[in-house]
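Read through the structure below, which is laid out as structure tokens, and then see the notes.
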Amino acid sequence: MVTMGQCYYNETIGFFYNNSGKELSSHWRPKDIVVVALGLTVSVLVLLTNLLVIAAIASNRRFHQPIYYLLGNLAAADLFAGMAYLFLMFHTGPRTARLSLEGWFLRQGLLDTSLTASVATLLAIAVERHRSVMAVQLHSRLPRGRVVMLIVGVWIAALGLGLLPAHSWHCLCALDRCSRMAPLLSRSYLAVWALSSLLVFLLMVAVYTRIFFYVRRRVQRMAEHVSCHPRYRETTLSLVKTVVIILGAFVVCWTPGQVVLLLDGLGCQSCNVLAVEKYFLLLAEANSLVNAAVYSCRDAEMRRTFRRLLCCACLRRSPHESAHDASSARGHASTRIMLPENGHPLMDSTL
């Protein structure tokens, strides 16, 4: 007989799963094997791609600038997310029942902290891009202290949300508040997490929309004085493409998971959230792979650094080839557009 108000710190994981109605398998089922196989594949890809991004930023002095600190932090958060998801894959399925309560909270906390850090860094990048574009500043002129404070703030928020469930925001003393997807967590925690991610997305939409209209007005103003050079028209089209990719990737990867989290957090009993939760979590984890492509691979200099890291022979290129690459980078319209008004770029690939 379960008594409300009593705490169950000495119970097993199975006790809480039975209370929430979530099945705890005792053997490997086909769907468990599929989820683990997909999860391990995504985790390894996330680890490799983000390690490559971090290595590129560390090895190329051109990236030792504040905005690239944020890109490096995003790669670090996504690398952490890949490690957390890899840990989950080795402690899921029939192995879940063998976890202690502390082990379960560790598994959940690592995942929550890493994903929160990734999402928060996406917002920090949007905020810094807005500041740079509005001030028409080069990356090197961004204040390093401001960027460092943003990074510190991101990890404080991430650690806070990741550690709270284990210390207070659980349901070990209120079984009627337990989530179905995460049977040891309070439903209110899931609702707050989902709403926080939704708020981040809305803020990103507002920031990038403001950037888009600002750049478009400036491009139109410049075009009036230079007979509408094709490169200025390409600026607007490239900006639209970049914004659509950034926001589209976020929506595709995060929306399904946030919807089921919110439904579970609100206590929707008729919603079959358990049927899709593992696949939607995998999709959210895949965003850590997409981020590397969206925020790093669109940078021409970053791509060249990747090639040098992946192919040692490229380190011994001739001076003629290096000069040709530099010339190509300067002429890449979608990467950087120089406006004649003051010579500063209005738009670049790190947008």
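Heads up, the Cβ atoms here are built off N, Cα and C, so glycines get one too.
Note that TrEMBL annotation is computational and uncurated.
Keep in mind that what you see is a predicted model, and the values were worked out from it rather than measured.
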Pick from 110-127, 290-307: which stretch is listed in TrEMBL under transmembrane segment? 110-127
Transmembrane segment per TrEMBL: which of the ranges 236-259, 260-283 is that? 236-259
Using Cβ atoms and a strict cutoff of less than 8 Å, what residues sit near the transmembrane segment (147-170) while being 6 or more residues removed from its termini? 66-67, 69-70, 73, 77, 102, 105-106, 108-110, 112-114, 116-117, 120-121, 124, 127-128, 184-186, 188-189, 193, 196
Top stretch by Cβ pairs under 8 Å to the transmembrane segment (190-215) (candidates 33-55, 110-127, 236-259) is 236-259
